[in-house]
């Protein structure tokens, strides 16, 4: 915010004394909504210092580059493609590195500051309840991550339309991919917030999130490679996918949205599909429960 | 109707009882809550805000029960915590605007009230700079501003003078007094220093070990002394001798003479004795106690009991 210009020497400052406030006062729901918008803007550095905007905006740009390249390739007549070079549902898996960095940088920004500066008691001495605070933070980060995925998906979609690929088919595909993006966003936000809320130190939060996402994906995909391609047991390889957030939601997309798997192996059979769906919702619900538990402790202290 | 009422309020933590069947009514005005560190002051405030549950007993703020009406109460109450609670990387204006919105004010009203409130607590140009660079005194003002920005009916200030130098302390105390006299907001202010609350409170509640030691108006606290202060223009020693002759217990205390009061007739006896000696009578008044002395006596009583 810029400083308001001070009145010049022509004016006289009168002390008008204290004025009581008798305007409207919003209830819990609207306060929670205000906190949601404040947090969402905060994730992208809006309304904060210029320096805070650099990283999220840079990562948003980086996220859009592959989509832009895909859209351009689709429109180069000489190549003569009749479909996009990569399906919409694979985009999150392709760009998971950028997503993870974004999450690692912005989840601690969203919750660790309140813990580090001990600002939490000021929220809890206001009408907000614990569920409102956790809900606003969770929703804000989910929406922020969803936007990070949805914008490149829409760039790809516009590219497909310009290349005069079948409109109906692409509209249906991108709609399903947006649903998948929302699930990706919720799972990433949940895990990111749980890790970030454990520590008041921002650095620990950043390191923890990167470690969990990168390690779990590296471990799962190399195990899947060994079990599936070397041992030839694709069923066991499929089950292993449950243990990393990226392959988990990828399996969800395969089973619920009919996408092709971007991992070594998708969920094995109907039982596998159901397990992936349940595990996906289980992770989101589990993160919610852990956050509520965590803030009960913060709340009471 | 009292603004705060507690009934047999008890809070136990594992191994320690923070509040022990505390029953007290607190009226509008500036009320000082006094007790040593660990006496249960902060615990009481947290229960009143509905942040921490009581183990047993009841409490109400502004006529609403703290357990069932927490959000309603918190909409009308301002709270200034004892500890540091300000983010260092935003300006006072940004921070207080956000806190006003978190109290339910619409965006425009939040901005307007923030500008007003920061001016009232004495923050001017500095309010656009990040809070991280503020002095302790300025931070305390920001903490007070966020508690006042939504124009609450009552504010609870937990050790607002902590960490301030003597000048900053005086300014903060004057500001707290103004919160009631000029802004019309009731104040519950805690301190472990009795002297400072004596200056600004209408009423003082003393708790110790989670129990109510005493609750009475500041004037009650400081009146009721059984000593008269007599000051004369000259010949103090002769006056003491004359008073002793007249049957009173009198002692020199520096320039003053202290006389133990036994009844209203003593005033006439002193006046006549001084007049007979032909010296001028400058002062003849009941000596006022300081809260500290009262507190000291009661602590001794409690210790003996």
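Heads up, the Cβ atoms here are built off N, Cα and C, so glycines get one too.
As annotated by TrEMBL, transmembrane segment applies to A:58-81 (among others). A Cβ distance under 8 Å defines the sequence-distant neighbours of the transmembrane segment (A:58-81), meaning residues of its chain 6+ beyond its ends; these are 44, 91, 94-95, 98-99, 101-102, 105, 148-149, 151-153, 155-156, 158-160, 162-163, 165.
Long-range contacts of the transmembrane segment (A:138-162) within its own chain (CB-CB distance under 8 A, at least 6 residues past either end) are made by residues 35-37, 39-40, 42-44, 59-60, 63-64, 66-68, 70-72, 74-75, 84, 88, 91-92, 95, 99, 102-103, 106-107, 110, 170-171, 174, 177-178, 181-182, 184-186, 188-190, 192-193, 287-288, 291. Look at TrEMBL and you will find A:138-162 (among others) tagged as transmembrane segment.
For the transmembrane segment (A:174-198), same-chain residues at least 6 beyond its ends with a Cβ under 8 Å from one of its own Cβ atoms are 87-89, 91-92, 99-100, 103-104, 107-108, 110-112, 115, 137-138, 141-146, 148-150, 153-154, 156-157, 204-205, 208-209, 212-213, 245, 248-249, 252-253, 257-259, 280, 283-284, 286-288, 290-291, 294-295. The transmembrane segment annotation in TrEMBL covers A:174-198 (among others).
Taken from TrEMBL, the feature transmembrane segment applies to A:204-227 (among others).
Long-range contacts of the transmembrane segment (A:239-258) within the same chain, counting only residues at least 6 positions beyond its ends with a Cβ under 8 Å from a Cβ of the stretch, are 89, 92-93, 96, 176-177, 179-180, 183-184, 187-188, 191, 213, 216-217, 219-221, 223-224, 227, 265-268, 272-277, 279-280, 283. The transmembrane segment annotation in TrEMBL covers A:239-258 (among others).
The transmembrane segment annotation in TrEMBL covers A:270-293 (among others). Only residues 6 or more beyond the boundaries of the transmembrane segment (A:270-293), in the same chain, are considered here, and those with a CB under 8 A from a CB of the stretch are 130-131, 134, 137-138, 183, 186-187, 190-191, 193-194, 197, 235, 238-239, 241-242, 245, 248-249, 251-252, 254-256.
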